[in-house]
Amino acid sequence: MGSEKHSARLLNTLKMERVRTILTHTYPYPHEHSRHAIIAVFLGCLFFISSDNMHTLIEKFSLKWWSMYACLLGFFYFFSSPFIGKTIRPNYSNFSRWYIAWILVAALYHLPNFQSMGLDLRMNLSLFLTIYISSIVFLVVFHIIFLALWYVGLVSRVAGRRPEILTILQNCAVLSMACCIFYSHCGNRAILRQKPPGRQFSSLFSFWKKEHRHNTWIAQFICMNELKDQVCSSWFAPVGSASDYPLLSKWFIYGEMACNGSCPDSSSEISPIYSLWATFIGLYIANYVVERSTGWALTHPLSVDKVEKLKKEQMKPNFLDMVPWYSGTSADLFKTVFDLLVSVTVFLGRFDMRMLQAAMTKSCDGTKREELLYDHLVNKENFWFDFMADTGDGGNSSYAVAKLLAQPTLEVSVDGEAQALPRGNVLLIGGDLAYPNPSAFTYEKRLFCPFEYALQPPHWYKNDSIAVDKPELPEGVKDLKDYDGPQCFLIPGNHDWFDGLNTFMRYICHKSWLGGWLMPQKKSYFALQLPKGWWVFGLDLALHGDIDVDQFKFFAELVKKGKVKEDDAVIIITHEPSWLLDWYWSSDTGKNVRYLICDVLKYRCKLRMAGDLHHYMRHSCTQSDGPPAHVQHLLVNGCGGAFLHPTHVFSKFSKYYGASYASKSAYPSFHDSSKIALGNILKFRKKNWQFDFIGGIIYFILVFSLFPQCKLAHILRGDSFSGHLESFLGTVWNAFVYVMEQSYVSFTGVLVLLITAIIFVPSKISRKKRVIIGVLHVAAHLMAALILMLMLELGIEICIQHNLLANSGYHTLYQWYKSVESEHFPDPTGLRARIEQWTFGLYPACIKYLMSAFDVPEVMAVTRTNICKQGMESLSRSGAVIYYASVFLYFWVFSTPVVSLVFGSYLYICINWLHIHFDEAFSSLRIANYKSFTRFHIKENNDIEVFTLAVDKVPKDWKLDKDWDAESKQSGVMSHKREFPSKWCASSAHQDPVATVKVVDSFVIHRSQNQNGES
């Protein structure tokens, strides 16, 4: 009794949700056992093939066919390489796996070497499809019945979750594969276990001479064959005779010794294939029922403390991946393009949110409010501030930088000496807050989420609140001057302007907290007065690349009215580094900014900072004679979380506003930047597999008019490799001439691609060079597409000449299966006829058309033969659609790796040799590493010392920080006062950003006008 009471108390203390969390696999994809079953079936298949057929594989080696195997498997490998090693789950990668398995097997079973190995893939495929359809029908009916029982309350409420259809399909596929493998290597003979062991394998190795039996590896294969025979005869032995089950005798499939009619030697033994299928179906049903109804009661429940501890260990942040800029299916990218077109064509020059902000900063009497000038920091001592830009891309990289910014202090080595750098009192963010476009989703997931994990907002703050009267200070703080926590000021970038600055105004100007950083600002530009005579001007360049008149007037009045004194120093923040971009594009932008710096500030500007370029570069003035430069230092740091940009493209910059500058620091270095570009050749498709949708369609359109190629026999008649190659290249040239002179669809595709390629080349170079580069680019793609088209057509032609394809129409596989079905799977009770009658003929019809749909090469070859004999006019519209669809299924697999290779090579050549496409060539790599921010300290002597802190490698795997979790969290304590403010740390301690951060650049900015340069 005592134990029963204790158990009852224990169960009462547990919530079912917690228990269910313990028993449910952490991976979101249900039925993990099916994935293990796939691995087991695959290993079993390799075992049986190696034991039976390795000797035949070696003995009957054919160079022609095995080269075709190598080519086919090579293309399929490169097509599937981006998904290798990824866990199976219902997304595009999982679809690609099944798609590859389908069309690869459909192609392999027509090639001869599998048949010479004794492996009849026709029987396996037809048997697989038959069992697959039967299993799907059976399991769907079972799930309908089970859900009906749940609905009426006859099974547990835990079973209420509906199974995913993909799970059912996957389990049916595994079940069917297992049955086919068993049939291939054990057969369907019901008396298999009665055969003498010696006779079962003696014939298989009879060709080996006795004098060779001493060979070690041959003996090993014989032993493996004996083991296989034992497995077939013992583990998978038939369950018995149909006479043992008189009530079910009409519902069995019999072994091969049975007869469809009466015969003297007929056997009533149940087919081992049928018994194996029934066993797997029974196991699936039993597993599902236990898993959904009573599985929770079969496991001893854990204590509440252990449940909570386990849940915390399993917690991981749900960060978004880097933006796929070359995705052909991303709705975000299409929305970005649409928003950009609307902003440029509709609003640019007609409506400017900055004009509206200027109008709103005026009261009824025309006097300006104090909404743009912030002077509450002027009396701060030991003042530190940080700068970063271009965050809001990948969650891992954005959080890594945000975590470094949130730390109370960072221990780093400066010139060989350890130094503690405290957190900045102010964080300045230089635009591009979320990619690829400004929206509620991207701002919340890509910007606010990482910063809130790094430094939590106050407990009383609500994410959906609107700040009506900023600043909204914590309780007990009456004035902004008295607030001692970190603050944040931001300017918008070009990506923030894609929606006319609407999202920026909602989330920055009308909200109070970015994580634990207070946001006092109310407009998109600001003037911030710092201690010791330092100022920060945050300029909003919009999409014009320049400040508007009202913005210029505001900053100019600060100088003219004496707010900015003669000996004060100004730091100007813009989103774009116009000094680099104007030099690169040979343009002249930002004339109002230039007038503000050169004629209004007059040598007060000591530093210009910007983002937009996602790297770190610093140029300092080297001019020693003549008047001082208008700007002493030029700094770009856009490494806040977005993809990496190259530095070597800008290595030759040296002039700005008439003064000379030298590159003092670059991160990554020019050499490393050049080496990183090589990833376009090696990793373009791995990083941008969603580009398949675009690349495959483009290549197919380029050669659409060339299918089919009916006259290819001359290529195969050559006597030497050089003869074959010469004929092949001649056919490629003829195909090219046909596209240029006679084709309509393909020529239109080439023309559109050529225009696009020329426009795609940056306008930095001359028009003549742009045309040449565009022509060469398109020529490479066209030649690759033509070669792939001929390789596909040659493969089909070879198979047709060897009678492997186009023999007996579209339903070849089904007709063959029906011819051998009665021999190998007899049905003396007429079970199939009854099923056909009950389903009104749907059961055999579904199998028939499924086999035809599966056998894509046969459909393609039969239609191709008809076209070559009777012309394209003989095809109906539906027949043409079926033919081109079957061709596209294979051509897409061949073309997608090649188009990525060609395009990636083009980007590599352009970025390293021509120094163009710096944006396109590095956005394709989606590099989350090389992240940095810059920390400033105003010293007692009025100078500023600058440290740029960076991490080379951003962690990809995070876990709950035990120190953060163990630290007490009193409701009234702000997060910036905690010793461990960030929630997540790297799974490997040595990879955590706090442990790997380093100083990549440090220098001093002098406030005095007579001190130029650095120390």
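Cβ atoms here come from the backbone N, Cα and C positions, even for glycine.
Just so you know, TrEMBL annotations are computer predictions that nobody has curated.
Record features (TrEMBL):
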type     : residues : note
TRANSMEM : 36-54    : transmembrane segment
TRANSMEM : 66-84    : transmembrane segment
TRANSMEM : 96-114   : transmembrane segment
TRANSMEM : 126-153  : transmembrane segment
TRANSMEM : 165-186  : transmembrane segment
DOMAIN   : 387-591  : domain 'Calcineurin-like phosphoesterase'
TRANSMEM : 689-707  : transmembrane segment
TRANSMEM : 743-761  : transmembrane segment
TRANSMEM : 773-792  : transmembrane segment
TRANSMEM : 881-909  : transmembrane segment
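Stretch with the largest number of CB pairs closer than 8 A to the transmembrane segment (773-792), among 66-84, 96-114, 689-707, 881-909: 881-909.
Ranked by number of Cβ pairs under 8 Å to the transmembrane segment (165-186), the listed stretches 66-84, 96-114, 126-153, 689-707, 743-761 are led by 126-153. For the transmembrane segment (743-761), the list of distant contacts is 698, 701-706, 769-771, 773-775, 777-778, 781-782, 916: same-chain residues at least six beyond its ends, Cβ to Cβ under 8 Å. Annotation: stretch 66-84 has the most Cβ pairs under 8 Å to the transmembrane segment (96-114), among 66-84, 689-707, 881-909.
Counting residues 6+ beyond its ends, the transmembrane segment (66-84) has Cβ neighbours under 8 Å at 93, 96-97, 100, 104, 107-108, 111, 113, 685-686, 689, 791, 795, 798, 893-894, 896-897 in the same chain.
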